[in-house]
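Working notes, structure below.
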Amino acid sequence: MNTPDRDMSLQVPGQVKQRYSSLCSDDELLDDDDSTLWQDEVLRNSQGSVYLPNSGRLPSAIKEDSSQLTAVIKMGWLDKNPPQGALYYQRRWVKLDVDYLRYFDSDKEIYSKGTISTAFITNVSSVGELKFEVATNNRTFIFRAESEAERNDWVTVLQDCTRGRHRHSTMNPGSPLTPDYQGYLELKGLRSKLYTVVALDKVYLYKNIEDYRIGVGITSIEMNVGNVKDTDRRSFDLTTPYRIFSFIAESEQLKEQWVNAMRNAIGEALSNSEVAERIWAEPSNSLCADCGAPKPEWAAINLCVVVCKRCAGEHRGLGPSISKVRSLKMDRKVWTEELIQVFLLLGNERVNSFWAANVPPSEALTPSSCTEERRRFITNKYRQGKYRKYHPLYGNQRELDNALCINVQCSDVLETLSLIFCGADVNCSTGMPNWPSPLSLATAHSQPLQAELISHNLNTELPRSVVDMAMDTVPYAPPPCVSYNGFLFKTASMARAITERKTREEFSRRWCTLNDGTFSYYESDKNSNPNGALKASEIVCLAVDTPERHGYENTFELYSESERLYLFGTDDGDSHKEWVKSLAKSFIPASAEPLLRLGFERIGRLKCKDGLNLQTSKVGWFALVGSTLHAYLNDSKGEEIHLRKLNELSIQQDNEVLVLVEKGRTLYIEGERKLDFAGWCAAIQTAAGSGGDTLSQQQLTETDIPVIVHSCIGYITQCGLTSEGIYRKSGVNSRVAALCERFRQDARSVRLREGEHQVDDVSNTLKRFFRELEEGLFTSEDARTWLSTAAIQDESKKISQYQMLLNRLPRVNKATLQALINHLYCVQRFSELNQMNLHNLAIVFGPTLFQTDGKDYTAGRAIEDLIQHYTLIFEVDEQQLKKQLEEITVIIQVREKLNTKFPSTEPGGHFICTVYLEEKKETAEQHVKIPGSMTAAELTCEVLDRRNIAVKDREYWSCWEVSDKEEMERPLHYQERVLPILHSFGTDSHLLIKKHLAMEAMIVYLTSKVDVSKHGMMKFREERSILGLGLTSGSFHDRYFILNSSSLRMYKEVRSNRPERDWPVKNLRVYLGIKKKLRPPTCWGLTVVYESKKQERPEKQQWYLCCDTQSEMREWYATFLSIQYDGNVWPQDGLQQTRVSRVLPDTRHGNVSLIPLRGSENEMRNSVAAFSQDPLALFRDVR
Ligand SMILES: [Zn+2]
């Protein structure tokens, strides 16, 4: 098995097979991924074909051979689902181009392990955690990405490039759909023959003809680097710089045909690449003129642009009268020397100076743009001529024609292009009898390149954006040409945010001009060369500072696309205003023009996605004004996001995405560039905080109630309705003050929790809020009228007066008053429990809400009226109210039951935890109350019981601690207490009940051992904390380990005497799996956490061990387990015993927090409903 043995090529076939089958079973060979086709070892051993040294690969420099660089749309590492029967995902380097999704063993490989023709992909969709599915008619491939963003990106690009591919298979002449030669061929070293297809300049290998028909192949071989050589009667070699393929045909005659076909393919490939290589010699032609993708193989010969395959598809869609699309590789006949010269002379860059002179950054394509974006852009660019540079003679037909006739006599081909596409008529009359047309004129004046260009445009339809005003698309209006000049004071530009105050000394006086889309600054108004300039299209954000933030009275910041920040200032307020206005006008597109009319603090563009379309992000234009974010996300109308009313505002994914959750939708703003994004985040967060002490300046709920009011009412409803003297008893002053302050800072982030917050503190926080509210709940104008209304004798008159006043309240005040009175109404309905009847509540709330001293009862009377006549004044739906009261009754009952059974003796107590069964998904969720004494086995039984799952013999159901990315997991030992685990792990982990499939093997292993210890080599890597930042360094190294009953020792090598490290086993916590980020060398890894329990020096370390095989890993794991639990790894009588003997939970941990105290009203209602629907869930622990 070790060295290639040339003599083995003399083996009889039987031996080959035998050896082969000992290496992998038939199944494996048939399964796409276990085809060991590309493992050199196997090939060498089985056949001893001639291989290039080592791995048979050449150094990477040669790999960059252009032929291998078909425009890759996306590539990266993914896990691919294992073939049937295997358990583990396989790490694959995956590349997507227009024609194929290919996966490789590594990013160094030339030949793939598998290819899926995009023309055969029927569906691509996200499934489960980080996974996505690629379906063909009869096979589905599952891949797993490393992050959600990555996954979504794959799905997006795949969906985009497979959409509608079926219909366009003619666009795909390089695909094996049009083979030149095909059939089964034996590849030496493989047991099964491969279905081999020679098509154009490539050879494709498939496992069999069925796979060929469904577009699922093994690999393809580019023949431009190939060489075919006869070796024997029936065999021949296809040699490439990377590998030699030794084929055996079925007969001598067939071999001849194969060799011929492959040689033809080589000829094809060599002549094919000739034109492309020549065209690409002009550097700008090696990038697509439309999207910038590398190595574009297509061209629009009349428009003179070289484009990639995807863009070529859209060009085709315009029709040949607009764009004549030809392949650089396949349409050899069209590529005359003249045409090639035209393309070399012009080049994408120069041609784009005409076609793409005015492309707004928001509309520009990138290589990853989706089909829709491409279509729009290419239509705009060539059909509409939206971005072209207008010729000065535009609109003057006679002059244009005249200019064309003159110009074709000289060599300026670009001018001719510009004239033609600005309306000059190529068929116009020159007025010269000998040379009646521009074409003949050009030829006569020996301008073959001019003639070539004209000849391809004799029937071209002209761009019609302005010519044809009736078109459905609005012609592009470039931003109004803004110009403004003046002196400003400027600091040096920066690559970071400005946090400090800049003094006057740090600014220098500069003459600034805004002209023709460029903002420039000069040493003085006498200088003609600017010190610096910024194109308006490069400005991504403009922020206006609050006055006197820096040494100059008024300052503003400009953020550039290239992540620079420019600070300008002036003492002249008017000039400042004018500059801000002009600069904003210069870079905000017409579609978002209304933003310019706002008194914004910050304006600019950001990439974003919203809930309706998570697949693709788009450019949005934003302006921040006070607590409102104005946005233009599509071409559609603008919208407003009220930041104080957001349900959630957070920065996620390592500060790269700002998530704004508002009623009905979520907006994800992406940090395309760090600098301006950070500025936006900070500004939006500040704007979303409470802005002052009046009601409407608070952070609000969807229903316009201040978050603080909503939270306090919710909490009291959950926990305080039975509390005697609620709202009358005072809380602890310092705690109330602290809570008020926290709400003031960011009410949205405050989570009131039982055990953590006392009922009376919360009730007093609410009261204090209303008492200190600027202008009061009833507004300063109307408060007196409200009070006087209480004196009206006639009941119905009084009520209609209240109603009138209610309707006069501002929206927020009205909503808040209604919510509060509703709450107080409920409180007094349970007055037999809390002793707070109508009158008592009115005494407390009258002076609080009216902010009076409480010397008389007027205010109290008004509140009493409002509560008493609550349903009338507020026109309440009685059914709704009844339901609400029933819900509250359930809450109270549930709490009572639990409180009598588990008297609260200590704070904190146990809590409800979400546990999943078998898989982390919503339907597998169970909410389980975890008493302090609950063991993993008890929790497991609890969940299985609820789901009515019987435990069979030799089924090892366990409770697992699983990290969110499912990269690491640990089965809890059955006796392990769950509560401390819950406390110790972060939000990125969860508990999962599932079978421990390796348990049996581990038990068998352990029983076979006389003493429990183990030694052997493992690969080791340490998590070294750099400056306490938790950054990791280092890599995996081989080490020798000895694990015995007391410690785990690590030695540099087997013969080392002294251990490098020595850890006490009982303090180790061992997880299966290693974070992928660390690039473990094998997939059999363990993550070990060491926690020293030393009081004086608590310490946490983490490191990683990698084994070579799964069974090795199991053995190590079993040994750890056995040592840690003294051989007791599984209950003797199985889990069933635990089930039967399970007793009441320990009552020492009382004070139940029954319903999660968070989330919206609806969430709370739902959880109450869940409890009332499943009464068993409540009483299970009590029986
Ligand atoms: Zn392109």
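Each Cβ is built from the backbone N, Cα and C atoms, and glycine gets one as well.
Residue counts for the domain 'PH' (71-163) under DSSP, split into helix (H, G, I), strand (E, B) and coil, are 18 helix, 44 strand, 31 coil. Positions annotated as domain 'PH' by TrEMBL: 71-163 (among others).
Helix, strand and coil counts under DSSP for the domain 'PH' (178-267) come to 25 helix, 38 strand, 27 coil. The domain 'PH' feature in TrEMBL is assigned to 178-267 (among others).
Taking the domain 'Arf-GAP' (273-398) as a whole, pLDDT averages 89 in the prediction. Residues annotated as domain 'Arf-GAP' in TrEMBL: 273-398.
Per TrEMBL, the feature domain 'PH' maps to 481-588 (among others).
The annotation domain 'Rho-GAP' is assigned in TrEMBL to 698-874.
Per TrEMBL, the feature domain 'Ras-associating' maps to 909-998. Residue counts for the domain 'Ras-associating' (909-998) under DSSP (helix as H, G, I; strand as E, B; rest coil) come to 21 helix, 32 strand, 37 coil.
Taken from TrEMBL, the feature domain 'PH' covers 1011-1125 (among others). Helix, strand and coil residue tallies for the domain 'PH' (1011-1125), in that order: 21 helix, 48 strand, 46 coil [DSSP].
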Secondary structure composition of the domain 'PH' (481-588) [DSSP: H/G/I, E/B, coil]:
21 helix, 44 strand, 43 coil
